[in-house]
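Trainee: So TrEMBL lists the following for this protein:
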- B:49-68: transmembrane segment (TRANSMEM)
- B:80-100: transmembrane segment (TRANSMEM)
- B:106-124: transmembrane segment (TRANSMEM)
- B:131-151: transmembrane segment (TRANSMEM)
- B:157-177: transmembrane segment (TRANSMEM)
- B:198-227: transmembrane segment (TRANSMEM)
- B:258-276: transmembrane segment (TRANSMEM)
- B:297-324: transmembrane segment (TRANSMEM)
- B:336-357: transmembrane segment (TRANSMEM)
Amino acid sequence: MTQPIIKARGLVKRYGRVTALNQADFDLMPGEILAVIGDNGAGKSSLIKAISGAVQIDEGSIELDGKPINFRTPLDARNAGIETVYQTLALSPALSIVDNMFVGREIRKQGIMGKYFKMLDNKEMARIAREKLNDLGLMTIQNINQAVETLSGGQRQGISVARAAAFGSKVIILDEPTAALGVKESRKVLELIQEVRSRGIPIVLISHNMPHVFEVADRIHVHRLGSRLCVIDPKDHSMSDAVAYMTGAKVPDQVEMA
Amino acid sequence: MTDTTQTPKKGQDFESALDKSDKNVAAFERKSKGMVDGLQHLLHLNPTLVPVMVLVASVLIFSLPMVTDGKFMTMFNLSLVMQQVSIIGILAAAQSLIILTAGIDLSVGALMIFSAVVMGLLGVNLGVPTFISLIAGFVVAIGGGLMNGLFVTRVKLPPFIVTLGTWYIFLSILRLLTGSQSIRSQDIDAEAAALKIFGSYISIGSARITFGVILMIVVFAVLWYFLNKTAWGRHVYAIGDDKEAAELAGIKTDRTLLTVYMAAGAVVGVAAWASIGRVGSISPNAFAEANLQSITAVVIGGISLFGGRGSILGPLFGALIVGIFESGLRLAGLDVQWQVFAIGWLIILAVAIDQWIRKVSA
């Protein structure tokens, strides 16, 4: 049996008296799209933030490729190859597309200018950015030096996904990538997700949109009351089953547990 | 993301209609968008154009013979304006760094005097070697910046409150240290003449270019380089733009902010050294309005008070605008209060323009 890329056991996270994660488990297999669904307040965000280093867990363990990890900041997770596309996208509106793609991992010029004067290599960054956007079929964006605030919502989402895909070597986490988008733009983002998966990078997809989840996911992790209720195969279950599980209207069979 | 090229078999049922759908993106008629819109876009790309235009216009108006009788547009007068704005200009450079991160520094003026006083007390009154007293002055300036930065990043206090507090603290310390006594010019000459080096000048025709003016230009050039050509500069803009997004995108925002406050402190130290040369003596009561004047230069220079936007060169033009208004109106025989009046309006205008160009999108 293949080993999971990410394996989390017994995660606990409390905010004061509120328990956001209660002995939650999580597994992500290589090359899959794993959807995480759950009602509001079920602890999806806390689970994802624990994996992406945005929050520190109180108890439990997380393993990446079989090695225990303890991320203290999102940067730690990023350096380990886990890229997250946040719902807020984490783009700087006044900076250009290229600047946003390379923020925090800028490329410096070769030689003395780069080494001692820390000069950035804008040409090289522009070249790579163009290449990455091209790969994902996003080159309808003409000018990669234009400010991100002049782009549409779907285009911004595209930039954010492209940034993650360009640098995420192990795992990409997408938080509600289609929530703010129209029909056409959602379709484009779903294609983008499948395009990224076809390169063999596993994806964690958090979404409330059942049609989108059932279309792209290989497995669905149902989160309820702070822990993993079950993992279901979208081919064997209907959307109403999934909704029933996550709201507690129906209890999954014991067989499907874990 | 305009073209939709999915195959019919994937996607949801209701999306199959997309194949036949109009592939155009919603667009308004461009006809109605005229010069005003073009200007908005232009200013959005180059916020520094406003101060440049104001600067050029004011120079042209004050050069008219009927306004200043030819007394304004002389090499001597223009070089004098440069000298007059040099200290506020350097302070404005420090202020710009803080404002670009969406902060504000009310303590720069007091910290500059504090640093200058330390340089003077050690070098002149206590006879410490000038080199050592200069280092001590810079340690005070950078330390003051570090103190502001630590309160902002570690204790998470708003920069306005932190620097309001340190403004009082720095002022009180420097007054306690000096007993509110000035250090006289002739004493500086006798004990530590190097403190006044930036008051020296080279003459080109009737123009007097002081080392202080050259220093100001060097300060702006160096900061321009760091802000525009290095990753650090990108991070400064990103933090001012949206700190949370910058953090999530992988910038160590608090560490960067701390370096920004220390860099601003270092620039304040430079201003302190230059101020001794400019004034000649070291007075604990000089530059009482320097804080506000530095903010004025930054705002008129087109740097957004909300952070993340504007060029570091803007405040240089902002400081020059203030100096040119002062000189021009005086030479035109008008009461200097009209300069204060005009600067007041310029500040309001500059922020109004900033708000307007922020609204541009798509």
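Every residue, even glycine, has its Cβ placed from backbone N, Cα and C.
Where in this structure would I find these features, and how exposed are they?
Mentor: Under 8 Å from some Cβ of the transmembrane segment (B:49-68) lie the Cβ atoms of residues 42-43, 300-302, 314, 317-318, 320-321, 324-325, 327-328, 331-332, 346, 350, 353, all in the same chain and six or more residues away from its ends.
If you look at the transmembrane segment (B:80-100), the same-chain residues 6 or more away from its ends with a CB under 8 A from one of its CBs are 108-109, 112, 159, 208-210, 212-213, 215-216, 219-220, 223, 227, 236-237, 240, 260-261, 263-265, 267-268, 270-271, 274-275, 278, 287, 290, 293-295, 297-298, 301, 303-305, 307-308, 310, 312, 314-316, 318-320, 322-324, 326-327.
Non-local neighbours of the transmembrane segment (B:106-124) in the same chain are 87, 91, 94-95, 130, 132-134, 136-138, 140-141, 144-145, 148, 160, 163-164, 166-167, 170-171, 173-174, 177-178, 183, 187-188, 191-192, 195, 264-265, 268-269, 271-273, 275-276, 282, 284, 286-291, 293-294; each lies 6+ residues outside the stretch with a CB under 8 Å from one of its CB atoms.
Note on the transmembrane segment (B:131-151): residues 105, 107, 111-112, 114-116, 118-123, 157, 159, 162-163, 165-166, 170, 192, 194-195, 257-258, 260-266, 268-269, 272-273 of its chain, located 6 or more positions outside it, place their CB under 8 angstroms from a CB of the stretch.
Residues 98, 103-107, 109-111, 113-114, 117-118, 121, 144, 147-148, 151, 284, 291 of the same chain sit 6 or more residues outside the transmembrane segment (B:157-177) yet have a Cβ under 8 Å from a Cβ within it.
Long-range contacts of the transmembrane segment (B:198-227) within its own chain (CB-CB distance under 8 A, at least 6 residues past either end) are made by residues 74-76, 78-80, 82-83, 85-87, 89-90, 93, 96-97, 100, 233, 236-237, 267, 270, 273-274, 276-278, 280, 311-313, 316.
Away from its own ends, the transmembrane segment (B:258-276) comes close to residues 86-87, 90-91, 93-95, 97-98, 100-101, 105, 108, 111-116, 119-120, 134, 137-138, 140-146, 148-150, 152-153, 188, 195-196, 198-199, 212, 215-216, 219, 223, 232, 236, 282, 286-287 of its chain (Cβ-Cβ under 8 Å, at least six residues beyond either end).
Residues 46-52, 54-55, 58-59, 62, 81-82, 84-85, 88-89, 92-93, 95-96, 99-104, 216-217, 220, 223-224, 227-228, 237-242, 339, 343, 346-347, 350-351, 353-354, 358 of the same chain sit 6 or more residues outside the transmembrane segment (B:297-324) yet have a Cβ under 8 Å from a Cβ within it.
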